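First up is the structure itself, then whatever we jot down about it.
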Amino acid sequence: MKKVTSIKEMQKIIKDFQREGRSIGLIPTMGYLHEGHLTLAKKARLENDIVVMSVFVNPLQFGEEEDLATYPRDLERDMELAAEVKVDYLFHPTAEEMYPQMQEITMNVGARTERLCGASRPGHFDGVVVVVSKLFNIIQPERAYFGKKDAQQFAVIDLLVKNFNFPIELVAVDTVRESDGLAKSSRNVHLTAGERKEATVLFASLQAAEAIITEGEKNPSRIIDVMKTMLNEKTSGEIDYVEILSYPELQPIEEVGGVIIIALAVKFSKARLIDNIIITA
Ligand SMILES: Nc1ncnc2c1ncn2[C@@H]1O[C@H](COP(=O)(O)OP(=O)(O)OP(=O)(O)O)[C@@H](O)[C@H]1O
Ligand SMILES: CC(C)(CO)[C@@H](O)C(=O)[O-]
Ligand code: BAL
C-alpha cells in the first residue's frame, strides 16, 4: 500500500489507472480505523480494481466547540490496518493541502439537514459536502463507500451526487457493532469505563423502539418517550436528540409507516455518539 499526501500526485496516479480502464473504489474516512471502516474497505476490494482510502480529519465539518483538536488519530496503525485489507492507496493530505484558501470555499446544504446532526451541528454538513466533493473530484471513483451509522450523511451525499451529477455509485454499508450492540466508532475510545458499559443502551433503545413498532405502536412521540426514558435511566450521558423521521427525506411523520429512521445522539463526558436503525414499517 502506498501513502499519498499530495493532491497532484494522487491525480496523476488516478489518471494513469483511468487510461487503463481500471475501476476505482473510494472509502472516505477520518481515520483511527476500526472494523466499521475495514468492512467498507473489504467490500470496496471485492468490487473494484483499485481501492483508495482517504484519512483526513476535515476541519470544515467541526464546530468551534467540537472535538477537532482531540479527535483520535493514529496514522501508523491506520496504515497497517488498511494494508491488511488490501487498500492500494491511502490518501492523507494535510489541511493546508486540501484548503489552501480555506475561507473561499463554501457550499450550503439545505435539504435533509434541518434535523438530527444537521440541527445540532450547524454547518457540519456544509463542511462534509465540501470535502466529499473535493475527494470525488480528486479520486474520481466509480464507487464510494459510506456507513449507515451516518445515515443522514449518506442521505445528504446521495443528494449531492444527484444534484451535481457526479458519475459515482454510492454504496451504503450496514453498521458494524461490538458484540454488545454498541456501534463501532472512533470516538468510543473517549468513553470512560463506566460510560462504555452504559452505552449499550443506545442500541438497546433502538431495538426496543423496533419491538414496540412490531407490536403495533404507530405514534412516534410515544416511541420516543419510551426510548428517552430508557436512555435517561441507564446513562449519565445527555440526550442530544431522539427522532423518528421518514428516510431518506428526513421529514417528521405523524404516524409510523413506510421507510423510517429511528435516530439518536447522546453526549457523554468526552464523546458524542450517534446511532440509528432504518426500518420499513
Ligand atoms: N460502525 C460502523 N459501521 C459501518 N460503517 C461505519 C461505522 N463507523 C463509521 N463508519 C463509516 O466509516 C466512514 C468514515 O467514518 P468516520 O471516520 O467518521 O468513523 P467513525 O467511527 O464514525 O468516527 P466518529 O467517531 O466520527 O463517529 C463513514 O462512512 C462512516 O459512516
Ligand atoms: C465522509 C467523511 C470522511 C468526510 O469528512 C466524514 O464525515 C466521515 O468520516 O464520515
Ligand atoms: N462520521 C461523522 C464525522 C463527524 O463526526 O464529523
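Glycine is no exception: its Cβ is also placed from the backbone N, Cα and C atoms.
Unlike curated entries, TrEMBL annotations are predicted automatically.
Now, the feature entries from TrEMBL:
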- His37: active site, proton donor (ACT_SITE)
- 30-37, 147-150, Val176, 184-187: ATP binding site (BINDING)
- Gln61: beta-alanine binding site (BINDING)
- Gln61, Gln153: (R)-pantoate binding site (BINDING)
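Around the Cβ of Lys148 (ATP binding site), a 10 Å sphere holds 18 further Cβ atoms from the protein chains shown. Within its own chain, Gly36 (ATP binding site) has Gly147, Lys149, Thr175, Val176, Ala183, Lys184, Ser185 as residues 6 or more apart in sequence whose C-beta sits under 8 angstroms from its own. Counting only same-chain residues six or more apart in sequence, the Cβ atoms lying under 8 angstroms from the Cβ of Gln153 ((R)-pantoate binding site) belong to Cys117, Phe125, Val128, Phe146.
Proximity of the recorded positions Gly36, His37, Gln61 to ligand 1, judged by a Cβ distance under 6 angstroms to any of its atoms, singles out Gly36, His37 in sequence order. Under 6 Å, Cβ to nearest atom of ligand 2: this is the test, and of the recorded positions Met30, Leu33, His37, Ser186 it is passed by Met30.
Proximity of the recorded positions His37, Val176, Ser186 to ligand 3, judged by a Cβ distance under 6 angstroms to any of its atoms, singles out none of them. Long-range Cβ contacts of Ser186 (ATP binding site) within its own chain (separation 6+, distance under 8 Å): Met30, Gly31, Tyr32, Leu33, His34, Tyr71, Pro72.
Across the structure, Lys148 (ATP binding site) and the residue listed as 'beta-alanine binding site' place their CA atoms 18 angstrom apart. Comparing local CB density within 10 A for the binding-site residues Leu33, Val176, the maximum falls on Leu33.
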